[in-house]
Every structure is written in C-alpha cells, then in structure tokens.
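Following: one structure in structure tokens, then a few remarks.
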Amino acid sequence: MEKATKRKVNNKKGKEEKPIVECDDESDAWWWLVHKGITASFLSIALFSLLVRVAVSLHPYSGAGNPPKYGDFEAQRHWMEITLNLPLKEWYRNSTVNDLRYWGLDYPPLTAYQSYVHGLFLRFFSPDSVALFTSRGHESYLGKLLMRWTVLSSDVLVFFPAVFYFVVVYYAGRNPSHRMSGIAWHMAIILLNPCLILIDHGHFQYNCISLGLTVGAIASLLSDKDLVACALYSLALNHKQMSAYFAPAFFSHLLGKCLRRQYPLLQVLKLGLVVLGTFLIVWWPYVHSMEAFLGVLSRLAPFERGIFEDYVANFWCTTSVLVKWKRLFPTQTLKLLSFGATISSCLPSMIQQIWSPSKQGFLYGLLNSAFSFYLFSFQVHEKSILLPLLPASLLATEEPFLFTWMTFYALFSMFPLLHRDKLVLPYLSLSALFILLNHLSSGRRDTKDTSAFRSFVTRVFLLCSVILHVVYLSMHAPARYPFLFEALIMLLCFSQFVFLTLYTNAKQWMLLKHSNLVDKEKKLL
C-alpha cells in the first residue's frame, strides 16, 4: 500500500507549519482510518447509540392498543403477514384475502421484500404473529419484541455501516485541523439523531434502511464511485418513494460531472444503464404485465388522500389557515400546483450544480432539494422532515448552527404526533441528550461570534417553543378550535424551515463565488 505523503506549508509570515497529510489514492483512506483510530471510536459510539435505541423501543408505538386499525406498527406487521402468506403477484392486488383498505402495501417492492425477510424471522419464533387473518392486531409480548428487533437489526446492518463509510470518505485526506474529538462528535450526532430514533424505534418505521442506502450513495459519490452511488440510490428509491426528495440533487450533480468529461453522452448512458438495471431487478416480478406494473405504481401515489394530512409544517398545510386549498381546487389542479412549486423551488440549486458541480455543493444541494419537496410536494407527512434533516446532519461540522436549529424544530414539528403515541418521555430525554451533545463543541470548528440581534431572535423563538410545549402538555384547546395548539406549532416550525431554506440556497450559490476565486488564484500562480 502506498503511504500517505506529507508536505510542509508556510503561512503568510513565512513560518513553517505542521505537515498536512495528503492521501494519494483510495488505499490511503484506510491507512488514515487505522492511523487515526476511528474504528474504535465508531464502535463505542455505535454501541451507545444502539443502547439508546433499545431504551426508546421499551416505550409505546403508533396505535398501541387502539383497534380497529391500530397504527404504523400494525401496518408493518400486516405487510409481513401478507408477503409471507400470499403469492408475490398478489401483494399489491386488492382481493378477498388482501383488503387494501386495511394497511395495504403502499411502498415500492424493496419494502415488500424486506417485509418478507422480516416475516420469516417472526414466523420462526412466533408463527401466530404473522398468521393470515388471525394475526390482525397481534400485540403479544414476544411479537412486539421481535418486531422491535427487526428495526434494531436494520439499523445495525444498513444505517450504521453507511454512516461509517461516509465518515471514512468525508474525513480521509482532509486538513488535520479536524481533531479526533470533532470526528467522534460528528459520528455521534448522526447516529444519535433524535428524530430518526423516535420515529423508527418509538413510533415504528424502517426509515433507517432507505436513509442508510442514501448515505451509502452519498459516500460513494463523494469518493467518485458514481456507478455504485447510482445503484445504492436506486435501491433507496425502491425502498421508499420519499427518497425522491434527493433526486434533483443526484441528477444535477451527476449531470454536471458528466458534461465536464471527455465523452459526456457515454457517461450519462453508463449511469442510466445502472439505474435502469437496478430498477429492473427490483421490479422484475411486475414488469411482465402492464396491469401488474400499473397496479403497484398506483399504490405508490395515493393522491386520493389529499394534498396534506394532519398538521405538517409545510406550505400547503400552513397556508390552508387562510386559503382552503382542498375546497377551492380539485385534486388534479393541486397536483399540478404542488409539482410546479416543488420544481421551481429546487431549480436554483440544480442549476448551480449543473453549472459548477462540487462535493460540498452536492451536500447543500441534497438539503435544498429535500427542503423543496418537504415544503411544496403532494402528501407530505410530519415524518418527512427526516429527509432534509439527513444532509443537514452530514453538514453539521460545516454548519453547526443550521444543524442545531433545524434538529430542534424538526423535533418540535413532530411533537403532536409523538404525544399521541405516548412518547413524551423519550422525546424529552432525547432532546436533553441532543442539547448535551450540541454543547460538546470541542470537536467542532470555531464559529464567529453571533450578533446581538441574532442571539435575541433565537432566544425569542426558543422561548415561544418552550411556552408552546408547556401549553400543549398542560392545557386543553378551546372547543371551537380543537387543533389550535397544533396549528401554532405548525406555523412556528414552518417559519423556521422557510428561513433555513433561503439560507442554504444562498450558501450553495456562495460556493460558486468561492470556486471562482480559487480558479483565479490558480491562474495567478
């Protein structure tokens, strides 16, 4: 293995500084990995993160003891029941043995395959928990324990390795000003993301799989393994269609890179073949019949549910206080409006990456693209905030305030949902843990002193949030406005998300100015 080279750098005063480690090839990333002792740190943090997840999983879940349809826990269990007991071609088809009105499969085929594998695990230890028909609403202690273990194992097998891969790629060969404590802090805040833990291990879902595949795709792209990135991201899309929140960022960045290569059409063709090949493999059981293919596709876009549900902090739900979108416009018109607003809002970020693709710009592009979908797309849920929160956590060492502020309001936006699930205690505990981690700033790069005005504004918003927490927990809303408190939380969180979106879009375009300055300096040299 070729060793990493060192070069000495002189500062403006002519004084010799410490040597900077430069990785000459891919193998040097692993030399750095061992040299820095990152593996031991990651394993320690991962073990603690796993214990936190176990602690949260001891609390209630969505729809616990609430017949007849229960909640997301029952939906995931029912999909295991269906995939185990029915032929593959019947999984998405409405029939006497598969009533789609009772938690019918509404995610892409990779989720169905995952449900089948997890169902085999449940059937081995507790056949009653996945028996056809008779297992509906099954809530035995063993059944619940096995279901929780399926999520924990998914985290360990998919999300944790993907984060490790990202850390290796992101820090290998970088300026050594990133101390070990800073790298450990970055790993901790990604693995201990309170929103993801509360939704997957409290509420009950498998977001760790699609997000883990996405992190793997991001790390592959940052290490210039574009074909691997396309395959992994295609798998993420085939696990949860909400992964499309990142599609504009992947598309624009890869297109920008292809246009700068010797044979751009050939590069685009190679990437396209990988994407099509991955989709073809996942969808193979359903591509032989147009009826079967369209049947699955129709389940992935439930437009009949309306443009929003509950009180999600996005544009359509927030403005519905004044503009009654569902009453004024038919679903077809709302689909066009949401599509146009989503594309328009993420277009500036896409143009920047096509014009001047960069790895740092790609991470900002992921955040801006996901925010555009969260704020303007059709059928957004409170849980969808996990998608823009992912790139924000990957950028945490670059944008500590952005990450902290966004995480706090992402948590707050889900508070009514978690309150309904009786997850207030883990919500408060993980919030306290996040605050503690956030103040362990020794590993983060120094930030400029904040202005008095910004400090005042942030304190005002934090005070409003604390007051709303207390009011929501201790008071009942007026009978005339039963969802008044949810609406206030939604309005407050929406205002912060809009501010953060404007900031991150501006920051992405500022990278273009920085790259132009660097190019000018190179020409002068």
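Glycine too: its Cβ is placed from the backbone N, Cα and C atoms.
Owing to the predicted nature of the structure, the values given are computational and were not obtained by experimental measurement.
Pulled from TrEMBL:
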TRANSMEM  149-171  transmembrane segment
TRANSMEM  183-199  transmembrane segment
TRANSMEM  268-286  transmembrane segment
TRANSMEM  361-380  transmembrane segment
TRANSMEM  424-440  transmembrane segment
TRANSMEM  452-475  transmembrane segment
TRANSMEM  481-503  transmembrane segment
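Non-local neighbours of the transmembrane segment (481-503) in the same chain are 310-315, 317-318, 321, 345, 368, 371-372, 374-375, 402, 405-406, 409-410, 412-413, 415-416, 461, 464-465, 468, 471-472, 475; each lies 6+ residues outside the stretch with a CB under 8 Å from one of its CB atoms. Taking every listed stretch (149-171, 183-199, 268-286, 361-380) in turn, the largest tally of C-beta pairs under 8 A with the transmembrane segment (424-440) is reached by 183-199. Ranked by Cβ pairs under 8 Å to the transmembrane segment (149-171), the stretches 183-199, 268-286, 361-380 are led by 183-199.
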